[in-house]
Amino acid sequence: MSTATHPRPEGPVVETAAPMPPVAVCIVTGLSGAGKSTALKVFEDMGHFVVDGLPASLAPEMVDMMSRPSMSHFKGIALGMDLRQSNFLDEINEALSDLAAVNIRPMLLFMECDAQELIRRYATTRRPHPLEREGMGLEASLLSERNSLSPLREMADLVIDTSRFSIHDLRRAIQKRWSDSKSKLRAIRVNVISFGFKYGVPREADFVFDLRFLTNPYFVADLRPMCGKDKEVAQYVFEQPHAREFCVKLIDLLLFILPLMETEGRYRVTIAVGCTGGRHRSVAMAEEVTQALRQADYPVTLEHRHLELG
């Protein structure tokens, strides 16, 4: 039996790019005043692309845009939707069906809160409930919205009741649920800055450490033109009796306090290490601290602010 042969196509073989994985989508909805806007800000801080007040009918188009390679640096997309659209429930059901057809299954997050707490929040902010514009009082608006959204609440993948939540409690709840378990890096970002006191302390610093108790390499003629990134300067700094001990204790302090700050919902902390001119001692110490924090899986940025001035 003969075997048919097929000629190879002429011209270069073009390799097609691997398809991008489905984008992670979270639809945030719920009762007005229950924390939807705050939740969306948390998603934004966590690296999601956020759109608030999006008509449900536009969700498939928005998700399609986010599936492009140019948007791949975002961790996902969070869409805020509410009852201000008259046909909201019909549109969101249709949008979910359209997304399911392209293998995208959004997480539906519903923000809940008890009536008395909502009344207190509206009294504090003095903002009108969206349905009050239709001639209803606040309590009637809250009840109408709750009844209208009850089918959506039943559909939700996750309901967060913020009745007894502070803003920080809500932030922690969302961080815990949507943390990237595949990444080794901690959620809190650390900025390390070396600086010179004679040029001013960085205003954004959360912690400031003064290294002027160490002998200044500036007064060693061979070291003066160098900086703390040079091996000779770093060796001179850390051979001093208390320099290495200070460095170890500083790193221990940071490794103790950073997880606590992360638990409280902090996303970044700035550590400033200063000496007189910001060229020798502070630079050497900042380099050492940065290396230790990176080894502990913290995402760290390092800036030598006054290196060229010192």
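Every residue gets a Cβ built from N, Cα and C, even glycine.
Marked as ATP binding site by Swiss-Prot: Gly30, Leu31, Ser32, Gly33, Ala34, Gly35, Lys36, Ser37. With a cut-off of 8 Å between CB atoms and residues at least 6 apart in sequence, the same chain places Val28, Thr29, Gly30, Asp52, Gly80, Asp82, Met111 near Lys36 (ATP binding site), listed in sequence order.
The GTP binding site feature in Swiss-Prot is assigned to Asp82, Leu83, Arg84, Gln85. Annotation note: Asp82 (GTP binding site) sits in a coil segment as assigned by DSSP.
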Fewest other Cβ within 10 angstroms of its own Cβ, chosen from the binding-site residues Ser32, Ser37: Ser37
Environment of Gly30, Leu31, Ser32, Gly33, Ala34, Gly35, Lys36, Ser37, the listed ATP site - residues of the same chain whose CB lies within 8 A of the CB centroid: Asp82, Met111, Cys113, Thr162
C-alpha spacing of Arg84 (GTP binding site) relative to Ser37 (ATP binding site), in angstrom: 15
Lowest local Cβ density among Gly30, Gly33, which the record lists as binding-site residues, within 10 Å: Gly33
